[in-house]
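To keep things clear, I will list the structure first and then write my remarks on it.
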């Protein structure tokens, strides 16, 4: 059964078209014609009784002297997708620049300070998800603080997306994230190869890359891996999903930051939806087994899967049970379908992000 994080990753990942052979596609490809409806089901309703922050308080850990754009794109994406509040925890020199980009962001200049651990400990209980890595830099002080932040996030059980320089931290010491199944790692091909060599040893399988992604996830204790590329490969160590839909051919800077920030918001929404619907636990029902078969690896999502989803909820008096984890993963593909085109098709980016948020 796919993990919650895997489904979120599946929302977030969209490739340019799959270049592998028919066997690879038959084994791993996963199409989702009903995905938009499923994404809608996890988006919080805007009601008069809601309070500021209920739709998501997202923390972006990143931003140094050299890189101020990356954390901005991640943070503003989290907001434009639908989060209420977006915090940026950055180095002191980066803070004034990031503040100047947008009045919507809450900027904390603590990432390279000696008070980072104390201040993050105060802020983490208020956050719904954390994105670590965009523009973070690799100075000794920042890397040390990043390791501490990962540990604190794990203690709180907060959904965690790790990208860019955050992956450098994980590659240095994979034990910092091993076994934390609320985490999603989003490496590109080069970052994946480095992490694979560190954890598994040797080079990834060039003939069957999905097998390598699955192996790495398994070795990391079933942390969800989203390997970005011509086709995006997602695995929780048990199953593999491949997104091969055609997207933008551009590969400009900032696209990964749009992805990670958006994924941070959806990670919170999806985890919250499953928590709300998984209060009833017990043995797997016939409907849950049917749902697993319908949404299994290599099968096509269709209206039957949506009906099975409803059957599981009915059998559990409204609870999705373990089937909710499988359904949640479907959310992941939508974000990158948007993110791959956001930056290059429209300017300024934040305005278009707002239009995208309204469009679906």
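Every residue gets a Cβ built from N, Cα and C, even glycine.
Residues or ranges marked as domain 'YjeF C-terminal' in TrEMBL: 35-360.
The (6S)-NADPHX binding site annotation in TrEMBL covers 135, 188, 189, 190, 191, 192, 193, 194, 257. Under 8 Å, Cβ to Cβ, and six or more positions away along its own chain, residue 189 ((6S)-NADPHX binding site) finds 227, 228, 229. Residue 189 ((6S)-NADPHX binding site) falls within a helical segment according to DSSP.
What TrEMBL records for 228-232, 247-256 is ATP binding site. Residue 232 (ATP binding site) falls within a strand segment according to DSSP.
Here TrEMBL flags 280-300 as region 'Disordered'.
Neighbour density around each Cβ, counted as other Cβ atoms within 10 Å, peaks among the binding-site residues 230, 252 at 230. The binding-site residues 135, 254 differ in how many other CB atoms lie within 10 Å of their CB, and the one with the most is 135. Among the binding-site residues 232, 248, 250, none has a Cα sitting within 10 Å of the Cα of residue 135 ((6S)-NADPHX binding site). In this structure, the CA atom of residue 257 ((6S)-NADPHX binding site) is 15 Å away from the CA atom of residue 248 (ATP binding site).
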